[in-house]
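Note sheet for the following structure.
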Amino acid sequence: MKGDRKYIVLFLFPAAAIMTIFLYYPFFKSLYLSFYRTSGFFDKKFVGWANYERLVTDKLLGAATLHTLEIMLYVIVFQVGIALVLAVLVDNIAKFKGFYRTVFFFPVVISGTAISLLFVLFYNYNFGLLNNLLANFNIEKILWLDAKNALKAVSIPTVWHYVGFYFILFLTAMAKIPADYYEAAKLEGITGIKKTTMLTIPLIMSDIKVVITLAITGTLKIFEFIWVITSGQNGTEVLGTYMYKKAMVDQNFGYGSAVAIYMVVFGVVLALIANRLLKRDEITY
Amino acid sequence: MKRTSMLLMSVMLLLSMFLAACGNSGSTNTPAAEGETPKTETPPAEENAPVSLRVFSTFGGTDAAREAFQAALDEFTAAHPNVKIENDTMSANDDGFRTKVNTDMNSGNEPDLLFYFIGADAEGFVNAGKVVPLNEILDANADWKNGFIPDALELAKQKDGNIYAAPLTGFYEGLFVNKKIFEENGLELPTDWAKLTTAVKTLSAKGIIPLSVPFDQSHYLIEHTILSAAGPESQSKGLIDGIDPNWEKAYAAMKELYDLGAFPKDAATIDLSMSGNYYSEGLAAMTIEGSWAVGGWSDDTRDNSTVLPFPTVPDGAGSGNDIVGGFGSGFYLSKSTYDDAAKKDTAVELLKHLTSPATIQKIASANGGTPAADVEVTGLAQVALDGFAMAAKADSISAPVDSKVSQETFGNLRASVQPVVEGKKTPTQAIEEAKKTEDANKK
């Protein structure tokens, strides 16, 4: 053991160094900057808590938080829900398992920006695909991205993009369940939906918990879909785009950093709440 | 085996010490004295020593002058085989470009030559001494200096009166009009507000988009309405000394246009390229753009377009013949390159080459900008010639209002467009909020 220590340190070092440079350093730098009023890159002045006072009174930030929460709801219900349904279905078929696994996982590999550009062309009012279809049926064009629909419209690609990822997580979790459980269930005459709800889902509950936590923290990072499809207009501003606008477009890095810190705190709090709500005994088999 | 690697290590160590020493001598306060010593000792080596330069510009991607610019670089490397140029580009359409430049300048990763905006945008790195004033180099090279139109150099000055950027081509912005659509609908060209509103009413009733602009990337709409509402003098003062009540009229005018149905139905969510697309495809009769956009339009639209100054908004202080334009960008020479004896002369040569009348002529022919040298630009579309004529006849040419207020203030003005036109905010509130941001920024 003693001789191993050298190697342990040696092997941990690269990961620790990378984490420090790309994660901890920027985080603490943001914390530091959030106490400054910056204007451009060359000018900054200590302002104490002023940026945090602004956070509390900022109506746009409040709206962005609500929009993020709304998307989070869609993500938990639909992204996780659809992934679970698909996983159950694929787990129960004998043939083409690999094929479906690839097909459903595919969107995850495509860049979010590319998907967003695709959806820009779906939703566009004047020559979008959807309105062209409607025009073929002589139905009046619809403004897909108006103030009422915009948030739902951008949630669709957001949800669709990552379904495959959670689908794979669920599928691997299901593959871990020992076959004798199912054999016993079969002898007891439990099949179909009952088997899924009484056996499969309870047995992968800990994975579902992980997935929900991932979904919650993942939603806080949503950026490219909103940025490309609506650039935060019509009630679609989320925390990620708001932070970017403040820091990069307005070049107010101080306030942008304060928003970033708020996002971190908000995310940790949400994850803790989710963990508390989903608390259950771990199942071992 | 071990010995060779040790040897290699020590050689590398030695070399890196050399490099460090060179770097130090470059940044000491007496660059001239130290820089000259190697030059006098080995003049031929200096001539042929490989030099690699990084040129950062916006001449990439879909830029109309991309090929002309690359050709200019190739010309230089052909004449100086020892020079290697890295042509580093990024689109100017996005704010990410500003971030990239500022991060580079701030983190010691300056490009040798930088093509960037002149004015408030550059203030940060200019004041931090990251680029060298070109005045002396210009005076020492009369040929080069005389190549420029004096006005272009005058407009390239920073606040402190020094020239840091060598201009290449200038720009103008204006109200671009598709004459064919106007003719087909029996409309007069929108030379004043009444004609503009009549045109808007008629066109929107017929289902043609009257004025294609986005709300979020509403830079040009804001620039023109504020200029015509406040007049050139008040526009150039910005917001720092107080609010000129005329500024509000810009937002009132936008609301009036919106109520008449002037903007695309999806103006809230489209970006600048999509709104340009509507104009290019003939779906829209007018757009507010800059000279650089002309090259990107479909041939049909380009041939039918002309450009007018944006008419004075109701009760505005502008004359109706004020335009937005100028020499908004140019080539900067970074301080670290200038202090580096190995690069200095080559970089200055390249700078001279890139802003020589011949290169300016080629770039201007490609992007339709106003040349900074007295050269004949050929092969331009009629609309570009209309633009030059408009700029020549204008009562005043002002830099856009985003260079008169802070970035965040302009962001605030942009964010107010949609709420104001939809009646969720009054024009007064919009300007007052912007003023608050401006004050907070200048604290």
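Don't overthink the numbers, they just go from 1 along the chain as shown.
Cβ coordinates are placed from backbone N, Cα and C, and glycine is handled just like the others.
Here TrEMBL flags A:65-274 as domain 'ABC transmembrane type-1'.
Look at TrEMBL and you will find A:7-27 (among others) tagged as transmembrane segment.
What TrEMBL records for A:71-90 (among others) is transmembrane segment.
For A:102-123 (among others), the entry in TrEMBL reads transmembrane segment.
Outside the transmembrane segment (A:159-177), and at least 6 residues removed from its termini, the chain residues within Cβ reach (under 8 Å) are 74-75, 78-80, 82-84, 86-88, 90-91, 101, 104-108, 110, 112, 115, 199-200, 203-204, 207-208, 210-211, 214-215, 218, 225, 285. The annotation transmembrane segment is assigned in TrEMBL to A:159-177 (among others).
Only residues 6 or more beyond the boundaries of the transmembrane segment (A:208-229), in the same chain, are considered here, and those with a CB under 8 A from a CB of the stretch are 68, 71-72, 75-76, 79-80, 83-84, 111-113, 115-117, 119-120, 123, 145, 153-154, 157-158, 161-162, 166, 169-170, 201, 236-241, 244, 263, 266-267, 270-271, 274-275, 278, 280. What TrEMBL records for A:208-229 (among others) is transmembrane segment.
The annotation transmembrane segment is assigned in TrEMBL to A:253-274 (among others). For the transmembrane segment (A:253-274), the list of distant contacts is 27, 29-38, 41, 44, 47, 51-52, 54-55, 61, 65, 72, 212-213, 216-217, 220, 239-240, 242-244, 246-247: same-chain residues at least six beyond its ends, Cβ to Cβ under 8 Å.
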| Cβ-Cβ under 8 Å with the transmembrane segment (A:7-27): same-chain residues at least 6 beyond its ends | 264
